[in-house]
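Worksheet: one structure, shown below.
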Amino acid sequence: MQLYQDQELKIYNSLTGQKDIFKPINEGHIGMYVCGPTVYSNVHLGNVRTFMSFDVIFRYLKHLGYKVRYVRNITDAGHLENDADEGEDRIAKKARLEQIEPMEVVQRYTVDFHTILQKFNFLPPSIEPTATGHIIEQIEIIKEIMDKGLAYEVNGSVYFDVLKFNETNNYGKLSGRNIEDLIHNTRELSGQTEKRNPQDFALWKRAEPQHIMRWPSPWSDGFPGWHLECTAMSTKYLGEQFDIHGGGMDLKFPHHECEIAQAEACNGHSPVNYWMHANMLTLNGKKMAKSTGNNILPNEIFSGNNDILSKAFAPNVVRFFILQAHYRSILDFSNDALLASEKGFNKLMEAMNCLDQLETSGSSDFDVNKWKQDCYNAMNDDFNSPILIAQLFEAVKQINQIKDGKASITTEDLNTLKETMNAFVFEVLGLVDAVADKDDTDKLSGVVELLIRLRAEARANKDFATSDKIRDELLAMGIQLKDGKDGTSFSVS
RNA sequence: GGCACCGUGGCCGAGUGGCUAGGCAGAGGUCUGCAAAACCUUGUACAGCAGUUCGAAUCUGCUCGGUGCCUCCA
């Protein structure tokens, strides 16, 4: 018996525009593909938000008992800077500017990506394939599409024939566009002489002599088009049809639309049952983007070395901040919002820490089982992490009251409470209590306990000058003493 | 210009036809040597205008403001 058999999960599906009841193709198994980063510069917080949304989705699906194959690619073949023929691959450009090999660019920023995600306590995906590792598969798909008559070659480049595809299929169904609008509203771009129509997109591009990244193909020495790698890799590892495809909202059009077109052209049916799109993280009210420079890097947040924040923030606090908003809402990043999240996060962690010291009694003032199901209901409703967090704070309130002897709980209920809190806080939301090294923590505890005893003696002797000195100076060091009914405890910030 | 989306109390941010979201901040109280922490109590918010309805922040229309996509981007 798995949890998913008791919980009805609904997912907002971009394809249908509504929350659909989730039903995997193969019971108990889920295939999920998420478009990963293009590794030509450091991953910024906006990128992180999207991947974090899917990290929590991955975690919750696993928590429900599904066997999930989660594929998140690394785009290391670059993309063209624009749609024109003279466009330059971003990775190649970076390599040229820094006078290094393109693969050095890729390696550097792939390592950065992994390091940052690790700090945020991401679970690694099941498979993390690279575009350059799947050139052959991409060429095979192009051949297939050409055989179906939906692509054409011009001067060694191959383009997808969108208008012809649209005669039998519906190009634009994901992003709600129709082909006439697209035709009438296409911007004038130079250098598109090779395409039959501006809506067509490249499957293969012939490399100019100066282009560094190139592979042989039946049409030319060149490189694959912008949208093909995801079709190739998702098909290879998840099959022609799979359950969930995710990515940032900005990829909905044209990237995901083109993926659908390629897969339908190649395999004759729609590739994905549930399309999910995470919304943008904004900074100063504008989308964060590498290309515009409106962004903040995670390491700048952790170190406090930036112009936006008043202090440094721990990865966990940032994670908590992001998860306090729903993944489909735009979230604005600011100092005030982060400060508020930090306090809330600390409050949650303090409650977690005192969970083991609670005393039980013969009755409960708190309907733990109802609360537990409310937590599930929150996540079942399109992964509503802010509602879940609100529920967690309901529990925090109860925990604090029990600790103060103002409410009671039975042993059985306390066990349920502990299990559920641990499951949602650590397993599903992926938060970690940022405690330092265990050894150091024990030593620190010993030292602070000693000071607490000295202060208690001073207070007993009405030597408040000494007792307040201990309390205030510890506070200045970030150690807060808390006087309760049965003695003094402390917390480190 | 086209297509979407959004506008919630001091701040962040859920909800979306009648039922307390939650966090932070603020106010009052309990506790304390004084504090802090914790706990209790406390806020009649839904851009504006008009309409539908017994009832709208939630539906419809218009107005204003903002964002995203339409070109690589999470």
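Heads up, residue numbers simply count up from 1 along the chain you see.
Keep in mind that glycine also has a Cβ here, set from the backbone N, Cα and C atoms.
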From A:77-81, A:287-291, A:457-461, the residue range that TrEMBL assigns the feature motif ''KMSKS' region': A:287-291
Range among A:37-47, A:125-135, A:246-256, A:400-410 that TrEMBL annotates as motif ''HIGH' region': A:37-47
CB-centroid shell, 8 A cutoff, Zn(2+) site A:Cys35, A:Cys230, A:His255, A:Glu259, site residues removed: A:His227, A:Glu229, A:Thr231, A:His245, A:Gly247, A:Leu251, A:His256, A:Cys258
Contact set, same chain, for the motif ''KMSKS' region' (A:287-291): CB under 8 Å, 6 or more residues outside the stretch: 41, 44-46, 250, 280-281, 333
Nonlocal residues around A:Glu259 (Zn(2+) binding site), in sequence order (Cβ under 8 Å, 6 or more apart): A:His227, A:Cys230, A:Thr231, A:Ser234, A:His245, A:Pro271
